[in-house]
Amino acid sequence: MPVHEIRHPLIRHKLGLMRRADISTKNFRELAQEVGALLTYEATKDLPLEQYEIPGWAGPVTVEKISGKKITVVPILRAGIGMLDGVLSLVPGAKVSAVGVARNEETLEARTYLEKLAPDIAERRSLIIDPMLATGGSMVATIDLLKKAGSKEIRAMVLVAAPEGIEAVRQAHPDVIIYTASIDEKLDENGYIIPGLGDAGDKIFGTKQKEA
């Protein structure tokens, strides 16, 4: 399973700002969108193109457009919403397929409680977005759901990933490609990524934050 850690200078700079313990909700939210957009650039670099002719100012001109499968963006609720606008800024025509996954804080197991998928998801490339890939439970549950719905080409974009989460996805779904801004050190005893970002959902929505 390919894992792409995107070490672009802009991503490294923005991710460094996001790691600050005293970052404001506004700044964290804006940076999540910006890094999400930059990851989208990488995750769509291999989209197929086809040529066609248009009337140009000096006569007919041959240009290119994206061909083949279209895209559906799949935010894992709730934190994935924080990356959605950044992704849609590059692929504004994409459909949004929302998946709600809750994690049991004691067992760390994931439970799916919502699915609103594009009706033609089998004909689209699915881009899952979630700020954190920690234990991998939420990601694996989401991929399970998408494949059951007929999705055949699935990619995941996360801001930070733990090795444990990457391995969980690799074991369950070796065909899924992961794009991340950083592969961090490890998980702590509570299942939080170290050094991580803290609780990304709380920081995006301005609710109570937890230490990570």
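For all residues, glycine too, the Cβ spot is worked out from N, Cα and C.
Per Swiss-Prot, the features are as follows:
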type	residues	note
BINDING	Arg78, Arg103, Asp130, Pro131, Met132, Leu133, Ala134, Thr135, Gly136, Gly137, Ser138, Asp199	5-phospho-alpha-D-ribose 1-diphosphate binding site
BINDING	Ile193, Gly198, Asp199, Ala200	uracil binding site
From Asp130, Met132, Gly136, the binding-site residues whose CA lies within 10 Å of that of Ala200 (uracil binding site): Asp130, Met132
From binding-site residues Ile193, Gly198, Asp199, the one whose Cα lies nearest Ala134 (5-phospho-alpha-D-ribose 1-diphosphate binding site): Ile193
Candidates Gly136, Gly198: member of the binding-site residues with the richest Cβ shell (10 Å): Gly136
Using Cα positions only, nearest of the binding-site residues to Arg78 (5-phospho-alpha-D-ribose 1-diphosphate binding site) (Ile193, Gly198, Asp199): Asp199
Neighbour tally for Ile193 (uracil binding site), based on other Cβ positions within 10 Å of its Cβ: 29
Secondary structure at Ser138 (5-phospho-alpha-D-ribose 1-diphosphate binding site), reduced by DSSP to three states: helix
Those binding-site residues, out of Asp130, Gly136, Ser138, that come within 10 angstroms of Asp199 (uracil binding site) at the Cα: none
